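Undergrad: Before I ask anything, let me first share the structure, which is written out below as structure tokens.
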Protein chains: 6
Amino acid sequence: MFHHSSKLQYEVRVDKPNPQFANHLQQAIGGIEGEIRVAMQYFFQAMGARGDAKYRDMLMMTATEELSHIEFLGHAVALNLEGAPANIQEKAAEDPVVNAILSGANPRHILSSGLSAMPVNANGVPFDMSHVYATGNLGADMLANVTAEAGGRVLASRLYNMTDDAGMKDMLSFLIARDTMHQQQWLAVIEELGGMEKQLPIPNSTPTENEATEHSYYFLNTSLDEPTPEGRWTSGKSLDGRSEFSVVDKVKPLGQKPDLGKARPDSGAQNEQIG
Amino acid sequence: MFHHSSKLQYEVRVDKPNPQFANHLQQAIGGIEGEIRVAMQYFFQAMGARGDAKYRDMLMMTATEELSHIEFLGHAVALNLEGAPANIQEKAAEDPVVNAILSGANPRHILSSGLSAMPVNANGVPFDMSHVYATGNLGADMLANVTAEAGGRVLASRLYNMTDDAGMKDMLSFLIARDTMHQQQWLAVIEELGGMEKQLPIPNSTPTENEATEHSYYFLNTSLDEPTPEGRWTSGKSLDGRSEFSVVDKVKPLGQKPDLGKARPDSGAQNEQIG
Amino acid sequence: MFHHSSKLQYEVRVDKPNPQFANHLQQAIGGIEGEIRVAMQYFFQAMGARGDAKYRDMLMMTATEELSHIEFLGHAVALNLEGAPANIQEKAAEDPVVNAILSGANPRHILSSGLSAMPVNANGVPFDMSHVYATGNLGADMLANVTAEAGGRVLASRLYNMTDDAGMKDMLSFLIARDTMHQQQWLAVIEELGGMEKQLPIPNSTPTENEATEHSYYFLNTSLDEPTPEGRWTSGKSLDGRSEFSVVDKVKPLGQKPDLGKARPDSGAQNEQIG
Amino acid sequence: MFHHSSKLQYEVRVDKPNPQFANHLQQAIGGIEGEIRVAMQYFFQAMGARGDAKYRDMLMMTATEELSHIEFLGHAVALNLEGAPANIQEKAAEDPVVNAILSGANPRHILSSGLSAMPVNANGVPFDMSHVYATGNLGADMLANVTAEAGGRVLASRLYNMTDDAGMKDMLSFLIARDTMHQQQWLAVIEELGGMEKQLPIPNSTPTENEATEHSYYFLNTSLDEPTPEGRWTSGKSLDGRSEFSVVDKVKPLGQKPDLGKARPDSGAQNEQIG
Amino acid sequence: MFHHSSKLQYEVRVDKPNPQFANHLQQAIGGIEGEIRVAMQYFFQAMGARGDAKYRDMLMMTATEELSHIEFLGHAVALNLEGAPANIQEKAAEDPVVNAILSGANPRHILSSGLSAMPVNANGVPFDMSHVYATGNLGADMLANVTAEAGGRVLASRLYNMTDDAGMKDMLSFLIARDTMHQQQWLAVIEELGGMEKQLPIPNSTPTENEATEHSYYFLNTSLDEPTPEGRWTSGKSLDGRSEFSVVDKVKPLGQKPDLGKARPDSGAQNEQIG
Amino acid sequence: MFHHSSKLQYEVRVDKPNPQFANHLQQAIGGIEGEIRVAMQYFFQAMGARGDAKYRDMLMMTATEELSHIEFLGHAVALNLEGAPANIQEKAAEDPVVNAILSGANPRHILSSGLSAMPVNANGVPFDMSHVYATGNLGADMLANVTAEAGGRVLASRLYNMTDDAGMKDMLSFLIARDTMHQQQWLAVIEELGGMEKQLPIPNSTPTENEATEHSYYFLNTSLDEPTPEGRWTSGKSLDGRSEFSVVDKVKPLGQKPDLGKARPDSGAQNEQIG
């Protein structure tokens, strides 16, 4: 069960409200790199967690933290919208800089939300829950979580570069820090379970006889004119410790030329396809 | 530039066409765990790749392979739809098993595509390109790719369990194998670049002064009644080698209680909010 | 800031797991009538609330309750999926009833989530955040909330009718009860603010001179052959107390016939449109 | 059956075409507060209406009116786009004000629609029909309709503030007026049916024995540190006249700690979850 | 302006209600081949029409007809849902045929719409307005319309095959007929404007100097192993009468190998990409 | 199977990088008029093609070409983003022209993709695969393809007008040329199969007895006050050669007034609907 307390997890201060930056911050709320996504992803993974209960607990605890991130970011958006003109046209004529900043703002922050945050990204596209990755496989889920936090820290770092507001920079430095921890937190689960070698390939419960292992360890060069890019993936022991990497360079199709024959008379095709 | 040759990358054989399984296979084409996603993800990452060119080449080569996976899966769907009745109701009355299988089929395989594959998942939801994760950060992108391949191999393993058609099992064992390789291929890039310790936190180019590092290494227990789940993430050296993990157990908010004050008269609020 | 405690808000018991009912329950999680929607709607309204702070507090408290509803519904879905066959085809052949139930199940509960809840509706369509209605206008938001809770209680009542599982009926009777309260809670705000007469029309802060009030109180009969349906809306005092209702029966257009003239030469039209 | 006559329902005049305002008007066409939404919502409610036929007639008549609103708004968008430069870059260099206005315009008004309206909102996001709320329950539907019209009038009022074009202000004053009527029209149905007390809780046909009424009338304070916000919803007679409001302040979970146990061997989990 | 009269454009009779067929019919309402799409497409094209006003009138008249098609299809869905059990599980146990039909039904027809039509397709995916194709180019729009009507008639023909209900067959034979007319109606515009030769290439207003015409008339064989498929498109006069078709068989890339160099230090990349 | 070679199909040169034009180019990648759409549409049509195999080959060859178009457009976007400031605010203050161009840029090109192309349109809306039109009917598919190429050439012509960069104009002149060919290529299939007369109505395999042919050849004037727009579609031989066009001017509904009666007690309606 969830509970709430009245203060924000981190202090939010905006020295110079900026509606264009309000729009940029939306990416951290409703973007695929944003906080709604991680909150919901960890929440749904927790609800579906099977196996050692401590991973479920961990997921739920961090899901709860991410809800608090949405909250202070939402406040930051609202504070950046304070003072945004309700009549863009008039204001715009006066000062070309103000002008351009307003043109880069999200008009729906005025028209739709009344100067507050929306669950959309920096293009105004609403977040959709297909981005909640939760497979029921602990390894796949941990990787999905590191990915989300890596995207999140990339975004927070870019937002940091996009503002010169000291309050916003302070808040973003906190987000950058928490994303640092969260990246490692999920990878630490993999390490604790024996590391990548033991966890790979995911799912590690697939019986070997279900896998055509003769195709499991070669890099396929599908280029007609490029040499194979050599690296850790072209030779040496595979990362799961089960085999050696190799290269297949001259691609030879293993399958047939597909042929579906004629269309059936009752299938809604043209007569010429049926003939 | 892309080219095509006429044979499939892998042979597709369907012994007993099954329209319900045709629908299940759609998840491997148009699902977030599917082949359109990885093909397009690697393609867009390749187009945006900066730095050592060999990673761009590698991405483009595997993008090209994934296009070929779409192709043979699409053929597998069509073959599973051969013989599906164009009049479901009549057939259904005859045999309850046929009946149920048809009820679990996707009606749009008959109504919309004329017995062939569609770029949708197993719920008939079209794939949308927001799932193409490409950040311009090599580390984040590699993790997104392992995640996609982990999800893909989980799915292929489950599909393998859901069919008793020998041809389909053979094709899926190939997919399981290629996903094995692809998982490791992207992790091998990270290993080649010095391993996780050197790559973390992502982006590793964020200056330390942009990060509130006092918040970077503690696990936050947000539960009111659960003890902290102890593990690799609660003590010991952090995975980036920069610090030690610790725990914050009694959450104390660091921020203020948010207060936006009154609404502005011209903002479309109710009078009672403005007063 | 958010917190969590380990027990569910309400007990979840499933006597006879049923994967088809698991799918039906998804509507209460990820449907527009569902709990993600209200949790996020109240949360975003709270973050944007201006005026008397008690309404923001109320919104945040109930947002928090709704998060707990997602949690126990998610558990109910997982429990309904216990024992679902990982090989549908084999099982299906044995028993036509089992068969049909499985055909009505969501295949992604097996393929994608590994037997647990997803943030999707009963058609497998992911929830998207455009359904978070938050306008910054307290009156509009309260009505949006009653609407959401009315939809929610209609859904919960129908789900109650669709199951004969005593545990599920018990859980749904709790949801029905809470939706009863929540419907009234939001309407009580309107009553407290002076009732509908004072709150209408929303926004009540729009200056009268911005409104063509000669068009504000007539019902427009746009039918060519139906008499005006007489009722409270065709005569008597208007609900905002400002005027009397009337009827306009013979529709007379007030505008011009639209005409955009020729296309411009540089606009990508056909020559024949430009000439 | 539908019919059309050639003139617009209301006159559209644009004194000074403004492509940025054209974009803002899109919210009133293709936004969730817009006219496509209400037209389709009333249309689908009418098609599904059961019970007294006069409500179906009323819904269809107003659906028809809303189609006419789309029509004149669409014309207003096209007129605001007259004269928009087909070569933004050149024009932009000349005048920073023009410049900024164009930067705030929707590029697809030039690239995709050839200077005319699109069924999208002010962020260019296409309207999707999941926002057509139609439950088959008259009470829920009426509330959904008031909500839509409240959102619509908030939007129209904000658009009025965002333009200084006299023609546009005139057209918007008409929209504001019609939204006034439509808000009351749907509430009048509820009043005619006996008022909120009789209609609540929605659906009022749910048998009392299906509801855990001991949970139906308390406000739940989920905050750890905020006092319950006192108001009409914390004490006094409930709005359905069936009970008294109360408060539950110290939240005590009523359910168990969820536990899904181990994962099944054939479920695609990691071995470590199965063991 | 729009008007309505009370009778349906065509009679709807359902002899044997069938909830699975109700679901199939949804494709004709909310599918990309359906009536919402054509109604809205012709409506938006009409609103943006420039040039000879008769094409705008024609578009608006047929848009209006399509609205009437939505209306009778919506009624057909509701009639097919009459008698659908509100408790699927109980009924299912009794009769495996009923059972399977119900499993193929859309659960939201019971849970969400209360036994009436929804603006979704046969997978329950809501129609979204991105499918309203309206370019402002008369030629492109006419082709988009023929395409929509071709898809519509394919669908109606398949639905005809999927039912043995005489009433439904009668209604579908009307739809098939109207789609016949509408296909030709839009092509007749092209014929009237001088035929394809004069209309091609679309837009025919693009100045020749904007086109690299040396690339305008060859078929490009991108296959490594397939001979060029010979046909009307490989030799002979081009359909616009401006040139001759030819073939380019050995694809030679005309461009460079792309290279974006190093990443910028402030761009959120990994250090290894920047170096 | 697909293959790749390292050079672009066409040379990409950007003389003066322009982030606003980068955003415009996105429409040609991820818009409905763009290259992802045609690549995937031809690919899925090829996979579902039945009948003469040469059409499948042709589809696959051109699908492959379109993939190469995505590739060079993606490079063009990245080159237009070179030099875009990572700190918009600072730069903006300096120069109002730069300012406005940046305000019209897509902020996610900096925040999300790190200065490279995304699979989205010029509003930042991700491409979704519902726009892959593939019916299994050759005639319908060919028309869908001409439509897509007509939209594509309209867009490319408009983009050509929107830039004064010589490199971009050169690249777009190539795209315009290839769209010219592709428009004709698909129409040539129809010509080869006997022309429109023989192919219409689509599907031409629908038995005449399934069609209410008395409704197949009249134009329906649904206007109350406009005369029928006379043209090729109102008289003369129908384009399928089967009949004569005529006009129905005074619309007389052929159907009943719809009436669904009362709601069922267990359907979640209000009591007042059930009574």
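Backbone N, Cα and C define each Cβ position, glycine as well.
Since the structure is predicted, the reported quantities are computational estimates derived from the model, not experimental observations.
Pasting the relevant annotations from TrEMBL:
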| type | residues | note |
| --- | --- | --- |
| BINDING | C:Glu35, C:His69, C:Glu149, C:His182 | Mn(2+) 1 binding site |
| BINDING | C:Asp57, C:Asn221, C:Ser223 | Ca(2+) binding site |
| BINDING | C:Glu66 | Mn(2+) 2 binding site |
| REGION | C:223-275 | region 'Disordered' |
| COMPBIAS | C:239-252 | compositional bias 'Basic and acidic residues' |
Undergrad: Between the residue listed as 'Mn(2+) 2 binding site' and C:Asp57 (Ca(2+) binding site), how many Å separate their Cα atoms?
TA: 14
Undergrad: So, in DSSP terms, is C:Ser223 (Ca(2+) binding site) helix, strand, or coil?
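TA: Note: C:Ser223 (Ca(2+) binding site) is in a strand by DSSP.
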Undergrad: Helix, strand, coil residue numbers for the compositional bias 'Basic and acidic residues' (C:239-252) per DSSP?
TA: 0 helix, 4 strand, 10 coil
Undergrad: Going by a 10 angstroms cut-off between Cβ atoms, which of the binding-site residues C:Glu35, C:Asp57, C:Glu66, C:Glu149 has the sparsest surroundings?
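TA: With the binding-site residues C:Glu35, C:Asp57, C:Glu66, C:Glu149, fewest surrounding Cβ atoms within 10 Å: C:Asp57.
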Undergrad: Go through the binding-site residues C:Asp57, C:Glu66, C:His69, C:His182, C:Asn221, C:Ser223 one by one and keep only those whose Cβ is less than 8 Å from a Cβ of chain D; report them in sequence order, or 'none'.
TA: C:Asp57, C:Asn221, C:Ser223
Undergrad: List every residue in the same chain as C:His182 (Mn(2+) 1 binding site), at least 6 positions away in sequence, whose Cβ is under 8 Å from its Cβ.
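TA: Counting only residues 6 or more apart in sequence, the Cβ neighbours of C:His182 (Mn(2+) 1 binding site) under 8 Å are C:Val38, C:Thr62, C:Asn145, C:Glu149, C:Gly152.
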Undergrad: Where among the binding-site residues C:Asn221, C:Ser223 do you find the Cβ with the fewest other Cβ atoms within 10 Å?
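TA: Relative to the other binding-site residues in C:Asn221, C:Ser223, C:Ser223 has the fewest Cβ atoms within 10 Å.
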Undergrad: Please name which of the binding-site residues listed here, C:Asp57, C:Asn221, C:Ser223, is nearest in space to C:Glu35 (Mn(2+) 1 binding site), Cα against Cα.
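TA: Considering only the listed binding-site residues, the nearest one is C:Asp57.
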Undergrad: In the same chain, outside C:Glu35, C:His69, C:Glu149, C:His182, whose C-beta lies within 8 angstroms of the Cβ mean position for the Mn(2+) 1 site?
TA: C:Val38, C:Ala39, C:Thr62, C:Glu65, C:Glu66, C:Ala148, C:Gly152, C:Leu175, C:Arg178, C:Asp179
Undergrad: List the Cα distance (Å, whole number) between C:Asn221 (Ca(2+) binding site) and C:His69 (Mn(2+) 1 binding site).
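TA: Just about 43 Å between their Cα atoms.
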Undergrad: Name, in the order they occur in the sequence, the residues of the same chain whose CB lies under 8 A from the CB of C:His69 (Mn(2+) 1 binding site) and which sit 6 or more residues away.
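TA: When sequence neighbours closer than 6 are ignored, C:His69 (Mn(2+) 1 binding site) has C:Gln9, C:Glu35, C:Ala39, C:Leu175, C:Arg178 within Cβ distance under 8 Å.
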Undergrad: Sub-8 Å Cβ contact with chain E: please pick out which of the binding-site residues C:Glu35, C:His69, C:Glu149, C:Asn221, C:Ser223 have it.
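TA: Near chain E: C:Ser223.
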Undergrad: Which of the three DSSP states, helix, strand or coil, fits C:Glu66 (Mn(2+) 2 binding site)?
TA: helix
